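Chemist: One structure, as structure tokens, below. Some questions next.
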């Protein structure tokens with residue numbers, strides 16, 4: 001499912017469901033990139049997880065549960081063994097190890113000026129199950145996007161979406177929780193797929209099938225995010241960031257436009273349609289203004305920021321009400337919060 005390559009023609013556009021391929025058949029032959037960034041990110045995440053387990057060293061440091069709780073697979077994995085399943089059911093390290101290695105923690109970001117955690121947390125994973133699910137999702141979504149649009153644009157979307165998810169998550173997380181994972185970045189790629197479909201609407205022949213299929217994929221991911229211990233704030237922030245970035249970075253020239261160096265024409269149509277320019281400008285303004293407002297609220301007045309954002313949180317009002325009366329004091333302890341299971345089916 002994650003390995004299907006392209007044919008080098010626009011007829012293989014995205015190559016998710018058949019409607020995508022049929023929808024792009026009218027496009028000109030386009031350049032295709034060899035995907036290397038997504039596999040590199042995958043290898044980096046695996047290496048970071050190995051480092052997590054090396055630092056965790058369960059046989060030496062034991063478990064926060066105390067008593068007779070034993071490390072999982074200690075005889076086989078030794079210092080790379082997992083914490084007891086009662087402490088971490090995802091086969092991973094302790095929350096203390098994750099926090100030590102850069103997990104997102106509101107108090108440390110705001111009060112101790114450790115803003116780097118907004119980026120470092122997207123490379124950490126709470127357990128082996130967590131890592132495998134995310135990396136399969138990354139391969140399924142990212143490889144095809146990188147083949148189609150290149151590593152620069154997909155890399156920018158991935159990183160900024162991950163940052164956007166971290167910022168929104170830090171703004172709403174209760175102070176006794178930490179967050180790790182690439183959910184914001186992965187949902188950003190999903191959001192960019194949706195905005196790309198809207199931005200390049202005219203090249204799709206079977207528009208209804210294309211958008212229904214894509215919305216179905218997105219709905220599955222959002223539904224899985226309702227599971228316990230999932231950080232839906234990272235999902236929302238990443239998806240919104242990727243959605244706006246898709247308008248800015250994934251626009252395609254309209255059908256019939258050619259580079260003048262390739263085919264000089266005097267009356268050829270403009271490269272982009274007017275609505276594409278309008279969407280590009282609107283997305284840029286919304287992205288910049290949104291980041292400025294949220295960052296100011298995060299670092300200046302966390303308490304009032306929560307109340308301001310609560311007014312617009314219609315879809316997730318139940319989760320927001322649960323956090324409505326939280327004040328933002330420094331944490332007494334850190335509990336593990338797993339921010340995803342963003343599985344693409």
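In case you wondered, yes, glycine gets a Cβ from its N, Cα and C as well.
Where the annotation comes from TrEMBL, it is an automatic prediction and has not been curated.
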Chemist: Looking at the ranges 150-172, 311-333, which is given as transmembrane segment in TrEMBL?
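Modeler: Of the candidate stretches, TrEMBL labels 150-172 as transmembrane segment.
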Chemist: Ranges 254-276, 277-299: which does TrEMBL label transmembrane segment?
Modeler: 277-299
Chemist: Near the transmembrane segment (233-251), which residues from the same chain, at least 6 beyond its ends, have a CB less than 8 A from one of its CBs?
Modeler: 149, 153, 156-157, 160-169, 171-173, 179, 181, 183-196, 198-200, 218, 221-222, 225, 272, 276, 279-280, 282-284, 286-287, 290, 316, 339-340, 342
Chemist: By DSSP assignment, list the helix, strand and coil residue numbers for the domain 'Peptidase S54 rhomboid' (113-251), in that order.
Modeler: 107 helix, 3 strand, 29 coil
Chemist: Take a look at 150-172, 178-201, 208-227, 277-299 and tell me which one has the most Cβ pairs under 8 Å to the transmembrane segment (122-143).
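Modeler: Per the Cβ count, the answer is 178-201.
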